[in-house]
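Take a look at the structure set out below.
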Amino acid sequence: MPEPLLELRGLRKRFGGLTVTDDVSLTVLPGEIHAVIGPNGAGKTTLIHQISGTLRPDEGEVVFAGQRVTDWSFPRRARAGLARSFQITCIVPGFTALENVALAVQARSGSSFRFFRPAHLEARLNEAARAALEGVGLGHRAGVVAGSMSHGEKRQLELAVALAMEPRLLLLDEPLAGAGPEETERLVALLRSLRQRYGILLVEHDMGAVFALADRVSVLVYGRVVITGTVEEIRSHPEVRSAYLGEDEMA
Amino acid sequence: MTGRARLLLPVLVLAGLAAAPFLGFDTGFAYTLMARAMILGMAALSLSLLVGGAGLVSLGQAAMLGIGAYAVAALDHAGVTNALVVFPAAALLAGLFALVTGAVSLRTSGVHFIMITLAFGQMAFFTASSLSALGGDDGYTLYGRTEWMGTRLLEDRAAFHFILLALLAGTWLLLSALIDSRFGRVLRASRENALRAQAVGFSPFPYRLVAYTVAGAISGLAGALLANATEFVSPATLAWGRSGELLFMVILGGVGQLYGAILGALAIVLLEEWLSHLLNYWRLAFGPLLILSVLFLRNGLAGITAPPRRRRAPPKAAAPKAATLEARADA
Ligand SMILES: Nc1ncnc2c1ncn2[C@@H]1O[C@H](COP(=O)(O)OP(=O)(O)OP(=O)(O)O)[C@@H](O)[C@H]1O
Ligand SMILES: [Mg+2]
């Protein structure tokens with residue numbers, strides 16, 4: 001087995017009396033899509049927060065590309081190649097779509113303590129940003145102010161921003177939420193095309209997409225990983241069927 | 001509206017200031033008024049970098065102004081009046097004060113930031129009041145204006161006028177470039193959505209600290225010019241009411257446009273003068289006028305001719321959650 005890109009060792013997180021992450025250990029291999037599914041409130045987003053560095057775990061370790069990053073800040077992990085999207089869309093509303101992506105390109109290409117040259121005239125930043133927008137199908141919307149885009153477009157924009165960071169690992173928190181059937185189809189195709197280049201930890205409620213994309217699936221219930229396995233194993237697991245997936249999903 | 005048309009108003013205002021001495025406004029009174037407007041305009045511009053650019057509402061900018069002014073007084077007291085020493089020293093001292101106080105206050109945000117900048121401002125105020133060698137509460141009268149290459153150039157009213165105008169325009173151009181640069185882009189992104197800036201790898205703190213220091217240095221230079229204009233320095237320069245006045249200039253002028261600060265400074269200085277002639281109790285009329293302007297000029301004076309360049313951030317559904325996360329991520 002190749003060395004994992006991401007390894008979680010015994011993560012634990014409590015909010016007051018509520019244990020939201022309960023001894024979670026899992027890995028994401030290079031080039032793998034590892035899906036995390038589970039009912040609402042299971043602690044999926046909280047888990048992503050701890051991996052990205054927006055929240056510190058109470059216990060346990062986050063190891064990324066062989067380095068212990070548990071104590072690293074959120075921006076530092078981002079610079080190291082850990083990109084994430086947010087369940088609640090997170091963009092710069094007053095920037096155009098292009099400038100939102102150019103910000104990410106700028107973060108990985110040289111110092112940003114540059115004071116005199118107009119950033120919006122830097123062709124290198126704009127070209128890379130435009131390419132990322134085209135990659136998610138937003139090329140024609142580059143000049144639109146992000147705050148005025150549709151919800152689906154904002155989600156695509158966030159994905160373009162994450163890709164523009166040229167990360168090694170993508171943490172995606174329900175990237176398909178709120179997308180229409182056509183958008184979903186396109187995004188699933190896009191995620192499939194990304195698989196070879198990145199490791200992806202995918203939190204998603206759309207089971208069709210999860211089963212179509214994931215190499216491995218972990219089921220999270222009350223903060224605990226109840227099972228990790230291949231799509232086939234998860235599909236046929238009796239407990240998962242009854243406890244989480246419901247009969248109609250299996251029909 | 002195109003980018004060029006947007007600049008019509010500030011260019012007209014600067015051209016008006018350049019033409020004023022040739023249009024009969026060359027009396028001592030007119031020069032004094034314009035000098036005050038231009039100097040406060042410089043300080044307001046630097047504050048606008050913080051408020052409009054970085055989203056940092058500081059209520060302590062007068063401290064930087066005062067430190068610049070007191071640098072002139074202290075050097076005058078020591079017999080140093082060479083402009084090449086005095087002005088850089090004023091800017092440097094104020095910038096240093098901003099760097100040190102910013103390193104502390106920028107750890108906080110929102111109301112706490114306002115309070116802590118106010119507190120540092122008050123510390124500077126009381127320190128100035130206790131400088132007995134420089135007159136304490138009574139202030140210090142300069143022996144003469146700062147010298148340029150051994151000449152008393154700044155005492156020539158017209159020369160002083162055009163030096164101020166050049167510095168005001170230069171400050172505007174410099175800060176505009178800063179806002180548009182890579183550095184400014186990180187500042188603006190962090191203002192609108194700090195979590196987003198962090199998510200791509202930027203830690204807002206060092207960028208904000210540099211902006212705070214630059215604003216401090218510019219205000220310090222303005223303070224040194226103010227000392228020269230009035231030939232007098234007193235703790236009143238650092239009073240927190242002055243910080244509020246600068247903040248009002250920025251808001252009245254329009255937070256979305258840097259040059260709004262110039263319009264705001266000019267408007268307030270002229271309005272004060274006009275109202276004080278019109279009415280005995282002019283401050284009574286000043287308040288309501290300011291309230292009306294805030295209510296009806298949402299984008300400030302700059303918004304009369306130009307739409308805001310950057311849309312104000314619409315309210316975010318994620319705001320409370322994002323805020324708590326941000327606090328953690330900064331830790
Ligand atoms: N900052 C917080 N303080 C206290 N409780 C929290 C906090 N954030 C999340 N929780 C609680 O932790 C639990 C897990 O939340 P989380 O958002 O991680 O779930 P989730 O699996 O992402 O759910 P969903 O599918 O609805 O997105 C929930 O009960 C939630 O109310
Ligand atoms: Mg969630």
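Placed from the backbone N, Cα and C atoms, the Cβ positions cover glycine too.
According to TrEMBL, the features are:
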type	residues	note
REGION	B:308-331	region 'Disordered'
TRANSMEM	B:85-106	transmembrane segment
TRANSMEM	B:113-134	transmembrane segment
TRANSMEM	B:158-179	transmembrane segment
TRANSMEM	B:246-269	transmembrane segment
TRANSMEM	B:281-301	transmembrane segment
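Sequence-distant contacts of the transmembrane segment (B:113-134) (same chain, at least 6 residues past either end, Cβ-Cβ under 8 Å): 56-63, 66-67, 70, 73-74, 77, 97, 101, 104-106, 140, 233-235, 237-240, 243.
Only residues 6 or more beyond the boundaries of the transmembrane segment (B:246-269), in the same chain, are considered here, and those with a CB under 8 A from a CB of the stretch are 6-7, 9-10, 13-14, 33, 36-38, 40-41, 43-45, 47-49, 51-53, 57-59, 61-62, 65, 168, 172, 175-176, 179, 290, 293-294, 297, 299-303, 306, 308-310, 312. If one looks beyond the transmembrane segment (B:158-179) by at least 6 residues along the same chain, the residues whose Cβ comes under 8 Å of a Cβ in the stretch are 10, 14, 17-18, 21, 26, 31, 34-35, 38-39, 41-42, 45-46, 48-49, 53, 145, 187-188, 211, 214, 218, 221, 225, 228-229, 258-259, 262. With a cut-off of 8 Å between Cβ atoms, the residues of this chain six or more beyond the transmembrane segment (B:281-301) that come close are 248, 251-257, 260, 263-264, 267, 271-272, 275, 307-308.
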